[in-house]
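Visitor: Here's a structure for you.
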Amino acid sequence: MTRLPILLLLISLVYATPFPQTSKKIGDDATLSCNRNNTNDYVVMSAWYKEPNSIILLAAKSDVLYFDNYTKDKISYDSPYDDLVTTITIKSLTARDAGTYVCAFFMTSTTNDTDKVDYEEYSTELIVNTDSESTIDIILSGSTHSPETSSEKPEDIDNFNCSSVFEIATPEPITDNVEDHTDTVTYTSDSINTVSASSGESTTDETPEPITDKEEDHTVTDTVSYTTVSTSSGIVTTKSTTDDADLYDTYNDNDTVPPTTVGGSTTSISNYKTKDFVEIFGITALIILSAVAIFCITYYIYNKRSRKYKTENKV
């Protein structure tokens with residue numbers, strides 16, 4: 001009576017043993033293999049199928065026969081000449097490839113001339129993970145992820161004011177002390193002088209006096225004058241810029257000639273110089289010489305052909 005409980009315990013341990021598991025990620029390749037225990041008998045055929053009722057392949061040496069829409073492009077048989085191991089590789093894993101795969105060996109005895117066939121099968125569970133890291137990689141690396149813990153009580157967290165963490169600092173207004181320093185620059189408006197050559201009238205637009213701001217006992221003055229002369233050939237505008245240094249030198253120079261006023265005079269400006277006329281004459285002469293050369297060459301060719309034609313007619 002004591003043997004029965006022990007036998008039941010052994011049977012329960014055998015059937016309670018989990019299958020070997022292989023965990024892979026989607027898109028990877030999974031290699032499954034089985035080793036047979038009976039190494040004395042002769043292997044007639046090996047087979048692979050997927051539970052519950054899906055036959056994958058039957059293999060006898062290098063001859064492989066696929067079933068249930070499986071192909072060698074999806075599942076390859078990798079041990080055609082090995083009698084001890086049968087191996088397959090499932091390529092480009094998808095979620096549908098997960099499940100329990102069973103390998104089977106069909107063997108006959110090499111010593112007896114009987115037709116008895118022995119049978120061995122082994123199961124392997126394939127897990128296809130959708131995460132970026134597979135379970136087997138986590139186990140092999142030995143890394144564990146523990147959740148973060150907090151020593152604060154829930155009521156402390158509820159009463160905690162989040163606004164105390166993020167304080168918005170209001171910047172102080174930026175004031176500029178006007179009394180301490182003042183940066184100013186004095187500008188003098190342009191003085192535009194327009195002289196009409198045809199009518200002989202001269203008009204001058206004068207601007208208000210410059211505004212001077214004292215800071216370091218110096219004044220920066222830039223004077224820009226424009227003079228527009230209207231002539232029969234067009235309008236000529238000249239620009240002259242005078243700074244403080246030039247004014248100072250002009251004031252101290254005894255040889256400075258005061259400006260003169262133009263009135264009632266007609267100004268004629270020539271845009272062409274002697275050099276320009278020489279270039280135009282040279283280009284014209286070159287064109288004429290080229291035309292004469294072309295004419296001479298044409299006349300010579302025509303005259304030569306005419307003589308040749310006359311000679312042929314005489315003959």
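From the backbone N, Cα and C atoms, a Cβ is placed for every residue, glycine too.
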Visitor: When you check Swiss-Prot, which of Cys34, Cys296 turns out to share a disulphide bond with Cys103?
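Guide: Disulfide pairing in Swiss-Prot: Cys103 with Cys34.
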Visitor: Based on DSSP, tally up the residues of the domain 'Ig-like V-type' (17-121) by helix, strand and coil.
Guide: 3 helix, 55 strand, 47 coil
Visitor: Average the pLDDT scores across the domain 'Ig-like V-type' (17-121) and report the rounded value.
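Guide: Across the residues of the domain 'Ig-like V-type' (17-121) the model's pLDDT averages 88 on the 0 to 100 scale.
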Visitor: Just to verify a number: CA distance, Asn37 (N-linked glycosylation site) to Asn112 (N-linked glycosylation site), in angstrom, no decimals.
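Guide: Approximately 19 Å lies between the Cα of Asn37 (N-linked glycosylation site) and that of Asn112 (N-linked glycosylation site).
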Visitor: Using all protein chains in view, find how many other C-beta atoms are within 10 Å of the C-beta of Asn37 (N-linked glycosylation site).
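Guide: The Cβ of Asn37 (N-linked glycosylation site) has 8 Cβ neighbours within 10 Å.
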Visitor: In angstrom units, rounded to an integer, how far apart are the Cα atoms of Asn69 (N-linked glycosylation site) and Asn112 (N-linked glycosylation site)?
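Guide: Approximately 38 Å lies between the Cα of Asn69 (N-linked glycosylation site) and that of Asn112 (N-linked glycosylation site).
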